[in-house]
Amino acid sequence: MTMVTGSSGSVWIIFLLGFHVSPRIHDDSSWLKSVSRARCASRCLSLHTVTVTLSVTLQSDVSLGWCQNHKLCAKCLEPCNDSWEMKEGNCRDLCQEAFPKKQWECVTSCEFLQSVMVTKQGSCPAPQRASGFAAACVASCDNDQECSALKRCCFNGCGRTCQTPQDLFKGVPLKTRRRLGFEELSSGHLLVRWSSRFNISAEPVVYILQRRWNFGIQPSEDTATSWQEIAKDLRVSDIRPGRWYQVRVAAVNAQGTRGFTTPSRHIQSNREPSSPAAPTELRVANMSFGPGRTVSARLQWSMPADLHVPVHYYKVSWSWTAVGRPGSFSLTKRKRTVRGVRTDGTVELHSIQSNRSYTVEVRAVSYWGLNKLKGRGTILHFTTQPMNHSRSDVVTTQPSILTPTENVK
């Protein structure tokens, strides 16, 4: 969750174009937690920034970095962080572990967070105003978390039902302007820019950023991932070549939020995607010996989960020499292709011979436009002796290359 505060004007966020993705799928529960923590942070900024003399620049963009370096504000902010685990128990006891002395700021912030996590924004309508199922004399809910979206669990005179609250957006900041700007810097960073409406909120505003992406030459919302929070402390290392991204922003203060902006246009890094990595953990998973010295071997390997572009297929080649007979060897390599999968692969080598030493190479191949991206090969040596078929040694060789599209034989 990116936490940036400001009252009006342009807000700038820098995203690092890196190599780590930690997706997290969001449902109503996790979205409520994100908003609750942002409301908690806004409250801390509201309480503590008024106690110091602020310059004109700082007033328009109060930084959470300032709060983290301010003794009292940092204690207030501690329960708002994602790393703070809201366990069952008393806030005083939880804060005692983090701050053995003078934990009052932490305690009041923790109690505020607990409150907004169980109570959604807005107020329940008067019982006599309920109609339809909302007026039914049933106990259809016990708390707000059992109600979908923004609805609250409200008393209707003789039961409790999920109802649309009143004053839902009272004191809540306006949404940011829909248009988001993007600029890829020479340093490898992506600059994201948006504008807030004038007097967006009387309280400091915390922004939550989410993104989704899809592989491919063309953008697609049908094959995109779920929305994921993408940044913490103003920087994220989730933007990669070969993927189309969309971003959306929610403005939050201590009172709540109006939700996200509409998704941004699709954006993509200007960098070319890298060739796939070499397979890892290449091994003989099973070997069976049949009549007439025939052997079948099943080989398995793994691939990193976060490649720039998906693996289209694996190219498997192998050759042999006779055990104890250096002059006896295969004259040509045999080859096979295996359909690509994201995280692992397997191939069955049938009708190979016993008492031979085999050398197998596996490499991943991806496509990007009219180019074929060949990854580095991983080599495995193994023998087909009945009592010694588990011995192996893995060596990675050959650099990645980029060639025009061609048929693999």
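Each residue, glycine too, has its Cβ placed from N, Cα and C.
What TrEMBL records for 1-18 is signal peptide.
Across the domain 'WAP' (117-166), the DSSP tally of helix, strand and coil residues reads 12 helix, 11 strand, 27 coil. Per TrEMBL, domain 'WAP' is recorded for 117-166.
For the domain 'Fibronectin type-III' (176-272), residue counts in helix, strand and coil come to 0 helix, 43 strand, 54 coil, using DSSP. Per TrEMBL, domain 'Fibronectin type-III' is recorded for 176-272 (among others).
Beyond the ends of the compositional bias 'Polar residues' (259-273), by six or more residues, the same chain brings 17, 175-178, 180, 182, 184, 190, 194, 210, 212, 219, 239-250, 308-309, 366, 368, 373 to within a C-beta distance below 8 angstroms of the stretch. According to TrEMBL, the feature compositional bias 'Polar residues' maps to 259-273.
The annotation region 'Disordered' is assigned in TrEMBL to 259-278 (among others).
Under the heading domain 'Fibronectin type-III', TrEMBL lists 278-387 (among others). Helix first, then strand, then coil: DSSP counts for the domain 'Fibronectin type-III' (278-387) stand at 3 helix, 74 strand, 33 coil.
The region 'Disordered' annotation in TrEMBL covers 390-409 (among others).
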